[in-house]
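Peer 1: Could you have a look at this structure, given as structure tokens, before my questions?
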Amino acid sequence: LLRGVVNGLEVQQAYTPISPGNAEGCFEVLMKCYEAGLMSQYIKTWKKGDTVFWRGPFGGFPYQPNKHGELLVLASGTGLAPMLPILWSITDDKEDETFVTLVGCFRTFEKIYLKSLLQDLARYWNIRIFYVLSQETSLEKLSWSYQENTYTGRLN
């Protein structure tokens, strides 16, 4: 939970850590800034060395290795964030043979969050990643490495 003050008004926003579950001493979050968003205005004022106030994380994920043979994971936009610790938990455990198919839904190819990280995860034998782009009409401009796993349209 991130807290800040914008124009004298206290604002707070929950963010999901995207760091691996075994990370110590630091954490990473995926943030999308909105032009009119109060928290976005606060974040845009940050300078290197500033102190920001976080609480949490709260809760966890109840994933158990090898409990399911296959997982289908659907994520849209920043909803990708809570899926990453689960994927890292699976790929970091050499004994876990769970097969995962992640379907990530984004507006355009340029709006795919964490592309290189997702490409790295897709190199594991048990991780497949597909993209559904709702505002693209053609995949011709995409590199061949993305074309075979990318579709246009919407999931309904």
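Note that Cβ sites are derived from N, Cα and C of the backbone, with glycine treated the same way.
Unlike curated entries, TrEMBL annotations are predicted automatically.
Source: prediction; values computed, not measured.
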Peer 1: Which one, Y15, Y63, is listed by TrEMBL in the same FAD site as L30, K32, M39, S40?
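Peer 2: Looking through Y15, Y63, the residue TrEMBL assigns to the FAD site is Y15.
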Peer 1: Report the largest Cα to Cα distance, in Å and rounded to a whole number, among the residues Y15, L30, K32, M39, S40 that the record lists as binding FAD.
Peer 2: 14
Peer 1: Any same-chain residues 6+ apart from Y15 (FAD binding site) with CB under 8 Å of its CB? Would you list them in sequence order, or say none?
Peer 2: L1, L2, V29, L30, M31, A81
Peer 1: How many neighbouring Cβ atoms, not counting its own, are there within 10 Å of the Cβ of K32 (FAD binding site)?
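Peer 2: So the number of other Cβ atoms within 10 Å of K32 (FAD binding site) is 11.
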Peer 1: Using the recorded FAD site (Y15, L30, K32, M39, S40) as reference, state which further residues of the same chain have their Cβ within 8 Å of the centre of those residues' Cβ atoms, listed in sequence order.
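Peer 2: Checked against the 8 Å cutoff, the neighbours are Q13, V29, M31, C33, G37, I43, T78.
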